[in-house]
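Here is the structure we will look at, set down as structure tokens.
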Amino acid sequence: MATAEAHIDVHAHDDHHDDHHEQSFISKYIFSMDHKMIAKQYLITGIIWAIIGAALSAIFRLQLGFPEADLGWLRPILGKWISAEGALDPEFYLALVTMHGTIMVFFVLTAGLSGTFSNFLIPLQIGARDMASGFMNMLSYWFFFIASVIMLISLFIETGPASGGWVVYPPLSALPQAMSGSGLGMTMWLVAMVFFIASSLLGGINYVSTVINLRTKGMTFSRLPLTIWAFFLTAVIGILSFPVLFAAALLLVFDRSFGTSFYLSEIYIQGEALPNVGGSPILYQHLFWFLGHPEVYIVLLPALGITSEIIATNSRKPIFGYKAMIISMMGITFLSFIVWAHHMFVSGLNPFLGSIFMFLTLIIAVPSAVKVFNYLTTLWKGNIIFTPAMLFSIGLVSVFISGGITGIFLGNSAIDIQLHDTYFVVAHFHLVMGAASSFGLLAGVYHWFPKMFGRMMDTKLGYIHFWLTFIGIYSVFFPMHYIGIAGFPRRYYSFTNFDAFSGFTDLNMFISIAAIATFIGQFIFLFNFFYSIFRGRKAPANPWNSTTLEWTTPRVPGHGNWPGEIPKVYRWPYDYSKPGAEEDFIPQTVPFSQTMESNLPHENDEIALEKEMEAEEIVVVDANKH
Amino acid sequence: MFGFYIALAVFLVVAILLLIFRISRLVNVVKGTGEETTKSDNNFNAIMMVVFMVLFFGLAGWYSFANFDAYDPPVASEHGELTDKLFWRTMWITGIVFMITNILLFVFSYKYRYDKNRKALFYPHNNKLEYLWTGVPAIVLTWLVISGWMAWDGIMSEAPEDAEQIEIMGYQFQWSIRYGGMDNKVGDYDYRLIDAVNDHGMDMSDRANYDDFKNISLVIPKGKPVLLKIRARDVLHSVFIPHMRLKMDAVPGMPTQFWFVANKTTAEMRVEEGNPDFNYELACTEICGEGHFSMKKIVTVLEPEEYEEWKAEQKSWLSKNPDFMAQVPEDMKELALVTAGINE
Ligand code: HEM
Ligand SMILES: [Cu+2]
Ligand SMILES: [Cu+2]
């Protein structure tokens, strides 16, 4: 009965979404306001950036692994940055590291990940026709696009791109005399980041308001899939922290161009004493890391959300500790704002502050641990189907553990004295952030590809891709722990100047080979991705037998997502393998009144509420008729 | 020519791979199988999980023990012994957690691989478990924090009065080292006074400067507190002496410091390492530009007596650069001549 009446519903209001008025190429593919198209734009742009970012790292890994090699063959791309003897320019080495970091953290794992999946999944999983503001959403992508273009051009300018590390600490980044990358390249970096921040904010505000306002009937916060919780909290973090990066960048612009002294004091460089006094480079570090630390969670949380969804689906089990997962994500969100100075233990920070931040930092390890235990328990006694997405999710949990563990060393300020700015830190954050988030991104693509493009990706290629990547990632980053414990500093062009750092040439070579092999392995994915868009097998509407709303849309959801009315939600998203139920999943749209055989006692009470809800609706519809 | 062959080989390999891919897809279409996860695929991946785990732990374990001496640099300072102890304690505790959680992950993946005759257990939550694994990590971490905090507090405390004062200043791309001299006090400076000779910008109106001397390497005594007064004059740098477990940023406009007690002389370390050429080194660990990777200083640790002897031999900077007597205020010239040891 319920369904019959529901058909009248508010259908009338949404009619215009259903008829497919012809859209021009430009409004459909370029200046699109459809969240699904914008998601794809983000995804493709993110993929292009990922290739560029990885290629940069392949070049500097060549230098580190094979310092003696003749890189003359790279001259067609790198031009004057390769010396007459075929060696990489030391300053350009720093430019490569800097751009690699910036691209990967911001353009791939922030824009590529949140931009793709928040856009794609929020409306589909909460049951909305589109984002709260399609126009802002479009702007968000195009600001990102402008940022991308500027950042890309900066790679090719005469003086080289920004080269002060992805954190661009002043005074190095403020003084063009200090390195050539701090000239025009740095200006472009700052301008690009301003556009990027605007893009993130436009996106984030949209995600938050969409989740708050546009949930379909019955989709309470306690019935939201964990993906949505993750995207929601990520957007909140972004909205609160990106403006601080903007402030940091703005003050840096002032120092660079208008003679202010926010970050500069008592500097004598190139035979000249600068007039600036009273500024503090430490101020910049505080402002930067006030964004920088939350940023690492901006990168990570969406990946964790995606993983939660995929692990539950493919274990055919409810996610263990749904509430605990939400609470730990909220804990992480809150704590991520009060641990930033752990990046500054030996920056000259007041040691007392160091103690406080050590304490706060180690607290944040607790919710992280809780999440891991919950994932493990979800797998326990599951019925696990290894789709490529599931493999990447399991891989994510593994690298998250391995990288999270080293955070406990680094968060201890006494231990961090030795480890700070060594390869140990590089190992830590590449596993816990780089690898984990990339795995989340890849898992998400494999899992939602059928909904994005209506076709399936090739599974066998997915397996090959996963195992290559998983083994590759560990081969690259695990050995860095040893090099880091041995004290090797990061951002070093060469280690031959020091006896203390003269060992491990073999291990560095191994890492470089593994890194380049892993990079090449990604082309399997790229092939699979682009091939399947056009030639993949047609996907069923719900290929993974999943419970969430996006799988109730047609094979390729059109503008407005659902051809008829938006489905209503009656239950949480994790009713997998419910005892008594016939199938091993019950979609969120199935009312309890239809699943008497599997309802838990308290769920039977909900039936009355369902009835009330429907009764109300009829009243509304009647009222509208008059 | 060589490049051409490589390109050709790559091209051929890619072409063959594509061909295999096409054929296997056609076979799939004919057989009616395809993208769904088949039983054999599923088992293959499940087994790979265990294979991976064994290989991973095997290799990591082997490397960790076989190469321990290569990656564990000997420690040569008092506080360094303490932080090393904390490091290895943390390693044991977290290492065990790392093993257990990773093993559970891979073993569960294997053990609970799909079986169409089985149904997954509907097990949505258990608050007792959640409390347990919130509480236990919290307690263990508290213990780690407290021991770390006590160590940190000691390391960062005020330097003892009698600590040897040595200034180390970073600039692109070198370190410059200045000793407090007889009065064990490094004198005032002003960055506007810096020039090619007076690279520290020593201010000649401060009497503490007259006896200061410079040295091209860092020479320190064993068993006696040394206070490094750290600064930078252009961009950020960071003082790092790996064997001393010592690191502190050098910040323009904001002097920093680090005090420590070295407990092995260079000579002792040469014997211990069986390497007659061994030297302690000081490196820069804050990106500072093109020459960042080359900012090296040799650090020499001497027995206290040797150190005093060495120190007594050093000539003050002023005596080596008597021109700067001109900058000394009139009423202090006499004093400066005596303190700097300038003989007329
Ligand atoms: C278990 C909880 C964690 C703790 C206690 C922790 C602690 C730390 C500490 C103290 C540092 C500074 C190390 C140094 O520079 O000396 C650090 C660096 C870093 N961490 Fe974590 N971390 C944790 C988890 C994470 C997570 C989940 C991510 C990302 C998703 C992450 C990303 C990073 C990054 C990117 C850096 C390096 C930034 C840079 O210097 O370039 N960490 N971590
Ligand atoms: Cu952090
Ligand atoms: Cu440096």
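A Cβ is built for glycine as well, from the same backbone N, Cα and C atoms used for every other residue.
TrEMBL has this to say about the protein:
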- B:6-23: transmembrane segment (TRANSMEM)
- B:44-66: transmembrane segment (TRANSMEM)
- B:62-159: domain 'Cytochrome oxidase subunit II transmembrane region profile' (DOMAIN)
- B:86-110: transmembrane segment (TRANSMEM)
- B:131-152: transmembrane segment (TRANSMEM)
- B:161-313: domain 'Cytochrome oxidase subunit II copper A binding' (DOMAIN)
The domain 'Cytochrome oxidase subunit II transmembrane region profile' (B:62-159) - residue tally per DSSP class, helix then strand then coil:
72 helix, 2 strand, 24 coil
What average pLDDT does the predicted model assign to the domain 'Cytochrome oxidase subunit II copper A binding' (B:161-313)?
94
By Cβ distance under 8 Å, which residues at least 6 away from the ends of the transmembrane segment (B:86-110) in the same chain are close to it?
46-47, 49-50, 52-53, 56-57, 140, 144, 147-148, 151
Remote residues contacting the transmembrane segment (B:44-66) - C-beta distance under 8 A, at least 6 residues beyond either end:
99, 102-103, 106-107, 109-110, 113
